[in-house]
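Taken from TrEMBL as is:
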- Gly81, Gly82, Asn83, Leu84, Arg103: substrate binding site (BINDING)
- Asp104: Mg(2+) binding site (BINDING)
Amino acid sequence: MACLATADICDGNQVLLKKGDVRVLQPNFQIYGQRRAFSGPIVTLKVFEENVFLREMLESPGDGRVLVIDGGGSTRCALVGGNLGKLAQNMGWAGILVNGCIRDVDEINACDIGVRALGSNPLKPGKKGHGEKHVPVNVWGTIIHDGEWLYADSDGILISKSELSV
């Protein structure tokens, strides 16, 4: 599936940008995975330094969706590693946005999936089973809702209230 360029989306949707129906995320994310550009409807997850719910989400069919994980911006451990990256690829997820860290960078970079994260950390997360699925999340001051759309490429990341065309 061809992805829309974020710059073209911004250029062609000035009214939506001004209304806040399209938002630009802060440029704090590193690019991982083989898909440099990806897009899809959003599924949200809120966790902090643990990933039991994350695995449960990725074990369900992705159907081209993007998992947006609000990890509170913590860089003290990784939320996604190589095994979860492979799982996401095999289950048909288009991408993962992590407001936190990943690990097993080389394994994730070998996966046919788009991943954005704040950075990497070799420490694994806890396994307590705490978190919230399908709730509004706050990623660097941008509130993101389940069912919105994410568009990512080398220029940045956009969140839209609906699917877009140029």
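Here the Cβ of each residue, glycine as well, is placed from N, Cα and C on the backbone.
Feature annotations (TrEMBL) mapped to structure.
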{"residue": "Gly81", "record": "substrate binding site", "Cβ within 10 Å": "20"}
{"residue": "Gly82", "record": "substrate binding site", "Cβ within 10 Å": "17"}
{"residue": "Asn83", "record": "substrate binding site", "Cβ within 10 Å": "13"}
{"residue": "Leu84", "record": "substrate binding site", "Cβ within 10 Å": "26"}
{"residue": "Arg103", "record": "substrate binding site", "Cβ within 10 Å": "21"}
{"residue": "Asp104", "record": "Mg(2+) binding site", "Cβ within 10 Å": "21"}
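Counting in whole angstrom, Gly82 (substrate binding site) lies 5 from Asp104 (Mg(2+) binding site) by their C-alpha atoms. Highlighted in sequence order, Ala78, Val80, Gly85, Lys86, Ile102, Asp104, Glu107, Ile108 have their Cβ within 8 Å of the centre of the Cβ atoms of Gly81, Gly82, Asn83, Leu84, Arg103, the residues recorded for substrate, and are not part of that set.
Here the candidates are the binding-site residues Gly81, Asn83, Leu84. The one whose C-alpha lies nearest to that of Asp104 (Mg(2+) binding site) is Gly81.
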